[in-house]
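Q: In case it's useful when we look at the structure, here is the feature table from Swiss-Prot:
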type	residues	note
BINDING	Cys34, Cys39, Cys45, Ser273	[4Fe-4S] cluster 1 binding site
BINDING	Cys60, Cys64, Cys67	[4Fe-4S] cluster 2 binding site
DOMAIN	46-262	domain 'Radical SAM core'
Amino acid sequence: MSKRPDWIKVKAPNSSEYYNTKDLIKNLKLNTVCEEAACPNIGECWSKKHATVMILGSVCTRACRFCNVKTGRPDLLDPHEPQRLAEAVQKLGLKHVVITSVDRDDLEDGGATHFAECISEIRKSSPNTTIEILTPDFLRKDGAAEIIANAKPDVFNHNVETVPSLYNTIRPGARYYNSLSLLHNIKKLSPEVFTKSGMMVGLGEEISEVVQVMDDLREAKVDFLTIGQYLQPTKNHAEVAKYVTPEEFKYLERVARTKGFLMVSASPLTRSSYHADEDFEKLKENYRHRHCEERRSIDVAIS
């Protein structure tokens, strides 16, 4: 694919806040998906002291064609990671934290218990901080959804990543309907937890396929949808088939809103945790507004 269009380009990070965040993460020996996945928004986010911490090590057991995270034999599980994560949240003064992880197919529960321990430690030291987790699919990990649901994150995010027709080439280790099932099960087990999912475009999908994914996610009771442009991390990854224009993203956002999502974020640089703190506040407000509208409708019907 030709060079990136102007609407994709971002400024190189150079603020003192960016380097302060970088130093803190390094000193606490934490991994971030911002660095590992070569996120284009790292400069903006770290300058605001926002970082998405990646737990369960830095090596993934899968090799998705879109992802820049290292693959191979995973690290040993670090029992002290939840405490270090909680310390970082406290030192950064985060009001909202996003926690993600590599896939850990080697673990009996896929790392679900470790996620729960991280949530618990943050609740102890920063009880007013809201917690969003972005998890792997826990494929063939019985009981993992229950562990996560019982931990009660404020937001549960699991990305379907792409349309089902591209799974064999882009996300070969995953199963589309397993991802939908996980999202549905979390909402069923903990209805009060907001659910969220995201996908990339520009991999060769058809618009009709993207719309079908929207319908599938709403069927799974997903509250929040994110859609962003796929960017090729290295020449060894899947090539960009198309750079979707900002106007096309606006169209996708309009269509998604008609499906009934509480929140939709769709733009070239949208990523799962981009502006997550601000979006969470909007998500809560949209929920309150919809709930009030539903109550009014019920009252009118009764009267």
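The backbone N, Cα and C atoms fix where each Cβ goes, glycine too.
Keep in mind that this is a model prediction, so the values were computed, not measured.
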Q: Suppose we draw a 10 Å sphere around the Cβ of Cys64 ([4Fe-4S] cluster 2 binding site). How many other Cβ atoms does it contain, all chains included?
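A: Neighbour count, Cβ to Cβ under the 10 Å cut-off: 20.
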Q: How big is the Cα-to-Cα gap, in Å, between Ser273 ([4Fe-4S] cluster 1 binding site) and Cys60 ([4Fe-4S] cluster 2 binding site)?
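A: It is 19 Å, counting Cα to Cα.
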Q: Going by DSSP, give the three-state secondary structure for Cys60 ([4Fe-4S] cluster 2 binding site).
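A: Looking at the DSSP assignment, Cys60 ([4Fe-4S] cluster 2 binding site) belongs to a strand.
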Q: Cα distance, Cys67 ([4Fe-4S] cluster 2 binding site) to Cys45 ([4Fe-4S] cluster 1 binding site), nearest Å?
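A: Between the alpha carbons of Cys45 ([4Fe-4S] cluster 1 binding site) and Cys67 ([4Fe-4S] cluster 2 binding site) there are 20 Å.
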